[in-house]
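Novice: As listed in Swiss-Prot for this protein:
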type	residues	note
ACT_SITE	GLU466	active site
BINDING	GLY244, PRO245, PRO246, GLY247, THR248, GLY249, LYS250, THR251	ATP binding site
BINDING	HIS465, HIS469, ASP543	Zn(2+) binding site
REGION	165-184	region 'Disordered'
TOPO_DOM	1-12	topological domain 'Stromal'
TOPO_DOM	34-135	topological domain 'Lumenal'
TOPO_DOM	157-663	topological domain 'Stromal'
Amino acid sequence: MNKKETNTSWWRIILISLGISIICILAAFLAMKDGFFVLENNTKNNNPDSPENKASSKMAYARLLNYIEKGWIKTIDFYENGQIAIVEASSSELSDRPQRLRVEIPAGSTSLIGKLKEANVDINAHPPKLDIFKTISDTLGSLIVPGLVVAVFYLFLERANNNNNNNSNGSPFGPGGGPNQNMRGLGEIKKEIQKEPDTGITFKDIAGIEEVKEEFEEIVTFLKDPSRFTAVGATIPKGVLLVGPPGTGKTLLAKAIAGEAKVPFINISGSEFVEMFVGVGAARVRNLFEKAKQDTPCIIFIDEIDAVGRQRGAGVGGGNDEREQTLNQLLTEMDGFEKNKGIVVIAATNRADILDNALLRPGRFDRQVTVNPPDRAGRVAILAVHARNKKLSPAISLETIAQRTTGFGGAELANLLNEAAIISAREEKAEIGSKEISLAIERVIAGLEGPSIADNKNKRLVAYHEAGHAMVGTLLRNHDNVQNVTLVPRGQARGLTWFMPNEDPSLVTRGQIVARIVGALGGRAAEQSVFGSTEITTGASGDLAQVTDLAKQMILRFGMSGIGPVSLSKPGGSFLFVGRGVRPSNEYSEALAIKIDEQIRTITELCYNEAVEIMDLNRISLDLAVTGLIQDEVLTGVSFEKVVADFSKLPTNKIYESKFPKK
């Protein structure tokens, strides 16, 4: 925009401001009630037909009603829409001389006309004369507030549009030439398609999820050499949905596809579609696919698609809100009346359970790829990728780190090595050692390290509590192995006991669940066995919540109780408006609920008694372990097992099935 156009735009703003100022000045002039009302009063005084000039004396309305009852009123003339009346009264009691009096008629005097007719009074009505000046002033007065609101809103939109357009040429209306152009821009996607995307990520940077990587390598091959697949009648998948917990590499996979395919690529978040203005989301979806059609083959990546793809009609009454309109448009664009050839939509979410069924069907998202946390071999491969630019000590084994980080995803493993590097730099070490790795693992799992426990009594209580957990984990065959026991406070915990969980958490036996319940109750059992029931602390509150949840799942989900092999809970649990709607919390009778409560109590009591028995039978081992723990504040699982092995038989396990009643 040249200098002349810029000056013209500024003149437009000045004229708008001047118009608003004139309206405000006029409003202030009318509010003063000086010039106008003086002029109006002078006009009325000079007008012989005005009510003020018809009668000089006033009379109260109550007195008027009294005169009507006595028959003294002969004629009455109404002025100003019946608000003022001029009456002519005559009577012998009034000196037989007619009097003309002015009366102000109150609002709501509906019975006056009837009384006048009964008294045979001559009634005359005079229509109000049009006061042009007053009409204009009333009209302007009624337009002042709406005009100011419109003007302020107009200027607000211009300022917002100028900020969004990042205008550098000095024009107040931006390069679009005005607010109308910018308002139309609300339905446009601001991000441009990357013709040759350079994300810096390729499939060489992806590790630990080889099966998933193979799926996407096939899509990349299809985009590069479609004839290889079309020769046998195959068509490219229209959509791929990545599902998995946070931090497992879903977004990283999309970056790798963009870096490998070398085709136009555009990425957008699901939350960018929905705005406060109705219809903007659907317009942005249309604009997105219009851009993609201009550069086919093309890849569209929608991150966190659950922000716009939630189940329609959720909640009470459903509703056709902005999110549903956006979803409907997305469904149409992906597989509607018009076909989109050469456009591959890749989406990622960690809440696939709340997505709309129409979005998940073949033809839209042909493939649903689950990205789970990596296994041990996958973690080793991921650690090798992230350790490329880290100076690790030769004594460090990635296999050992992978063994200690069961359940970690790619993002957590990357953060782990980064935390270890930060700790090494803080201690001014040239390389990352085993100590830094251990501290980083503890920091990622439990949080920042807190000050040591100074009070000897509390330290001893915490030591017995944590040793109780570790004792059960060491002695029970079905329990996870002890990894570490520490008295160093981290986060809100005064002490911690780590276990090495099973590599496949999806397959857990009944004995493993029961052993975990006994292990969780081991801390409280140690407190009772050593200090007595009066010295039981509140430190086991989190353990009790975990125990109750495990016992409840044994009964409701897995059929591992005396109630029998039944499942009393549906997948997804009880939800309220979270993408699906309403579901009652309990889907069984009250009588069965009582039995469930009894079973929960039975399981927890039997497991707690077992934990107390373990502490009583292995008191010497427990005391020795606590002595070493208080002295060193940290014991590894191997060190703890050596202490226990001198005075306890490893492992000890009982048949729990016989303890649970069938009825």
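Glycine is no exception: its Cβ is also placed from the backbone N, Cα and C atoms.
Show me how these features fit into the shown structure, please.
Specialist: For GLU466 (active site), the number of other Cβ atoms no farther than 10 Å from its own Cβ, over all displayed protein chains, is 26.
Secondary structure at GLY249 (ATP binding site), as computed by DSSP, is coil. Its own atom aside, the Cβ of GLY249 (ATP binding site) has 27 Cβ atoms within 10 angstroms in the protein chains shown.
Neighbours of ASP543 (Zn(2+) binding site), defined as other CB atoms within 10 A of its CB across all chains, total 19.
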Novice: Just to verify: the residue among THR248, THR251 with the fewest other Cβ atoms within 10 Å, which of the binding-site residues is it?
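Specialist: Result for the binding-site residues THR248, THR251: minimum number of other Cβ atoms within 10 Å at THR251.
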Novice: Sequence gap of 6 or more, C-beta under 8 Å: which same-chain residues meet both conditions with respect to PRO246 (ATP binding site)?
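Specialist: Counting only residues 6 or more apart in sequence, the Cβ neighbours of PRO246 (ATP binding site) under 8 Å are ASN350, GLY409, ALA411.
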Novice: Return only the integer: C-alpha distance in Å from GLY244 (ATP binding site) to HIS465 (Zn(2+) binding site).
Specialist: 36
Novice: What same-chain residues, at least 6 away in sequence, bring their CB to under 8 Å of the CB of HIS469 (Zn(2+) binding site)?
Specialist: VAL485, THR497, GLY519, ALA520, GLY522, GLY523
Novice: For GLY247 (ATP binding site), list the number of other Cβ atoms lying within 10 Å of its Cβ atom.
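Specialist: I count 19 other Cβ atoms within 10 Å of it.
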Novice: Which residues in the same chain, at least 6 apart in sequence, have a Cβ under 8 Å from the Cβ of LYS250 (ATP binding site)?
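Specialist: In sequence order, LEU242, GLY244, ALA348, ASN350, VAL371 meet the Cβ cut-off.
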Novice: By CA-CA distance, flag whichever of HIS465, GLU466, ASP543 among the recorded positions is nearest to GLY249 (ATP binding site).
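Specialist: Its closest listed neighbour, by Cα, is ASP543.
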Novice: Cα-Cα separation of HIS465 (Zn(2+) binding site) and PRO245 (ATP binding site), in Å?
Specialist: 32
Novice: What average pLDDT does the predicted model assign to the topological domain 'Stromal' (1-12)?
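Specialist: Overall, the topological domain 'Stromal' (1-12) comes to a mean pLDDT of 50.
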